[in-house]
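Participant: My structure is below; once you've seen it, I'll send some questions.
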Amino acid sequence: MGAFFPVILLTPTPISSAHNLYLFQMLELQENITDSQPMDPPSLEIMMLHHLMIILVTLFGNTLLIYVIYKNNAVLRRKRVTPVQMLMLHMCAADILFALISVGPTMAITATVPFFYGPNLLCKLTKFLQVIPMYASSFLLVAISADRYQAICRPLASMKSSIYNRPALYSGIAWTAAILFSTPQLYLFEKRNGDCSENYTTALQYQLYVCLFNSVVWLLPSAIAGWLYLCVCKAVWKSTSFSSSLRNNMKKMEHMKLTEKNGGMQAHHKGATMQCVELDRRRVQTVKLTLTIVAANFVLWAPFCITSVIDAVWPTAINSTFATYIMFFGNLNSCMNPWLWFHFNRKQLKRACPCRKSSEPLIQSLVYVHVMTSEQSDF
């Protein structure tokens, strides 16, 4: 392992690598080891401030998203959350846990560097709990992708079972898998010489675990979600094109019939058309939202995961200070999801504001409420 980068991935997670790298740099300075550095390493204050900002922004954004979802359902008199909302609530839970049990303990450990004040059991439990939200977040993205694939690409099979059982099953599998994949942390870490550190027996074990971790938490979920969304986008494009053509033909036929009839039937036809348009819009909007969340997860985790693998197989290739700054990108993922949801659901965010009055036309509002309060709505 490299001269400056040997401990950044002792815990192959961005939150723990910050502590490990900073510990190494502190010991390096104490021993008066000098080497050329292209940039100054972040100070302890900067790292602590970064962790604190991640915690505050994550808690605020995800708590606000939970409030907006339930507030809108109350306004629309919907008794249950939709499948997408249910999975987004699970994502909020994973992000909140990341802030509390992943980043939070890291702040405490970083503040007490180079010592870990706690028994060996607490060391193992901390390392075990820290990675559960990371696995859960990635697996829940696959669950969202699979749910959209089932709802859009296989609608007949989806109708045979309850639309609420499917996301509950997918989210349950995601959390269970996250716990199972986190169990190696219980065996890899222990308290030694006052610090909670790894106990790899060989360099090959370290390399295999780092590569496996990054594959399971980033590469494989991204690949699976990408393939599912490729199928979803094709299905949505075909469905939208067919619906548009069908509506145009119906308009022509109905126009000929309605020219001799009263305006009441014209209003009924207009309402039915708007309902169809609203369903298509909701379908496309849902796909855009979930696809953007998956893409953001891939982009934000890519720098750290690629850096991790490079260090595992070629330790001298990357400067430790540069790798520390790269680490910051992965932590931003827990902050982004709520704001991406708000971007695609600005109307729901405005509706949740108690002081804002609705300015939607009456017929459009009625159509929207009918679509969104339908117990069979999958969006």
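For all residues, glycine too, the Cβ spot is worked out from N, Cα and C.
Dumping what Swiss-Prot says about this protein:
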TOPO_DOM  19-48  topological domain 'Extracellular'
CARBOHYD  ASN32  N-linked glycosylation site
TRANSMEM  49-69  transmembrane segment
TOPO_DOM  70-95  topological domain 'Cytoplasmic'
TRANSMEM  96-116  transmembrane segment
TOPO_DOM  117-124  topological domain 'Extracellular'
DISULFID  CYS123-CYS196  disulfide bond
TRANSMEM  125-145  transmembrane segment
TOPO_DOM  146-168  topological domain 'Cytoplasmic'
TRANSMEM  169-189  transmembrane segment
TOPO_DOM  190-207  topological domain 'Extracellular'
CARBOHYD  ASN199  N-linked glycosylation site
TRANSMEM  208-228  transmembrane segment
TOPO_DOM  229-289  topological domain 'Cytoplasmic'
TRANSMEM  290-310  transmembrane segment
TOPO_DOM  311-320  topological domain 'Extracellular'
CARBOHYD  ASN319  N-linked glycosylation site
TRANSMEM  321-343  transmembrane segment
TOPO_DOM  344-379  topological domain 'Cytoplasmic'
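For each feature listed, report its degree of burial, its nearest neighbours and the pertinent distances within the displayed model.
Facilitator: For the topological domain 'Extracellular' (19-48), the mean pLDDT of the prediction comes to 57.
Panel annotation: around the transmembrane segment (49-69), residues 15, 18, 42, 81, 85, 88-89, 92, 95-96, 98-100, 103-104, 106-107, 110, 328, 331-332, 334-335, 337-339, 341-342, 345, 348-349, 352 of the same chain, lying at least six beyond its termini, place a Cβ under 8 Å from a Cβ of the stretch.
Nonlocal intrachain contacts for the topological domain 'Cytoplasmic' (70-95), taken as residues 6+ away from its ends with a CB within less than 8 angstroms of a stretch CB, comprise 58, 61-63, 133, 136-137, 140-141, 143-144, 147-148, 151, 163-164, 166-168, 170-171, 174-175, 286, 289-290, 293, 334-335, 337-338, 341, 348, 351-352, 369, 372-373, 375, 377-379.
Long-range neighbours of the topological domain 'Extracellular' (117-124) within the same chain, counting only residues 6 or more positions beyond its ends whose Cβ lies under 8 Å from a Cβ of the stretch, are 185-186, 189-191, 196.
Secondary structure at CYS123 (disulfide bond), taken from DSSP and collapsed to helix, strand or coil, is helix. Taking Cβ-Cβ distances under 8 Å and a sequence gap of 6 or more within the same chain, the neighbours of CYS123 (disulfide bond) are PHE116, PHE189, GLU190, LYS191, CYS196.
Away from its own ends, the topological domain 'Cytoplasmic' (146-168) comes close to residues 80, 83-84, 86-87, 228-229, 231-232, 235-236, 239, 283, 286-287, 290, 376, 378-379 of its chain (Cβ-Cβ under 8 Å, at least six residues beyond either end).
Remote same-chain partners of the transmembrane segment (169-189), defined as residues 6 or more beyond its termini with a Cβ less than 8 Å from a stretch Cβ, comprise 11, 86-87, 90, 123-125, 127-133, 135-136, 139-140, 142-144, 146-147, 196-200, 209, 216.
A simple way to gauge crowding: the CB of ASN199 (N-linked glycosylation site) has 11 other CB atoms within 10 angstroms, across all the protein chains here. In this structure, ASN199 (N-linked glycosylation site) belongs to neither helix nor strand by DSSP; it is coil.
For the transmembrane segment (208-228), the residues of the chain that approach it from at least six positions outside its boundaries are 9, 12-13, 134-135, 138-139, 141-142, 144-146, 148-149, 181, 184, 188, 200, 294, 297-298, 301-302, 305, 308-309, 311-313, judged by C-beta separation under 8 angstroms.
Counting only same-chain residues 6+ beyond the ends of the transmembrane segment (290-310), those with a CB under 8 A from a CB of the stretch are 8-9, 12, 14, 84, 91, 137-138, 141, 144-145, 148, 210-211, 213-214, 217-219, 222, 225-226, 229, 232-233, 317-318, 323, 326-327, 329-330, 332-333, 336-337, 340-341, 344.
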Participant: Looking only at the topological domain 'Extracellular' (311-320), how are its residues distributed among DSSP helix, strand and coil?
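Facilitator: The breakdown for the topological domain 'Extracellular' (311-320) reads 7 helix, 0 strand, 3 coil.
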Participant: Taking a Cβ cut-off under 8 Å, which residues six or more beyond the ends of the transmembrane segment (125-145) line up next to it in the same chain?
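Facilitator: Beyond its ends, the transmembrane segment (125-145) has Cβ neighbours at 11, 13, 15-16, 84, 87-88, 90-91, 94-95, 97-98, 101-102, 105-106, 118, 167, 170-171, 173-175, 177-179, 181-183, 185-186, 188-189, 196, 216-218, 221, 224-225, 228-229, 232, 290, 293-294, 297, 333-334.
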Participant: If you draw a 10 Å sphere around the Cβ of ASN319 (N-linked glycosylation site), how many other Cβ atoms fall inside it, taking every protein chain shown into account?
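Facilitator: The answer is 19.
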Participant: Taking 10 A as the limit, how many CB atoms besides its own sit near the CB of CYS196 (disulfide bond)?
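Facilitator: For CYS196 (disulfide bond), the 10 Å Cβ neighbour count is 25.
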Participant: Between ASN199 (N-linked glycosylation site) and ASN319 (N-linked glycosylation site), find the distance joining the two CA atoms and give it rounded to the nearest Å.
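Facilitator: Their Cα atoms are separated by 24 Å.
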Participant: Please list, for the topological domain 'Cytoplasmic' (70-95), how many residues fall into helix, strand and coil according to DSSP.
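Facilitator: Its residues fall into 19 helix, 0 strand, 7 coil.
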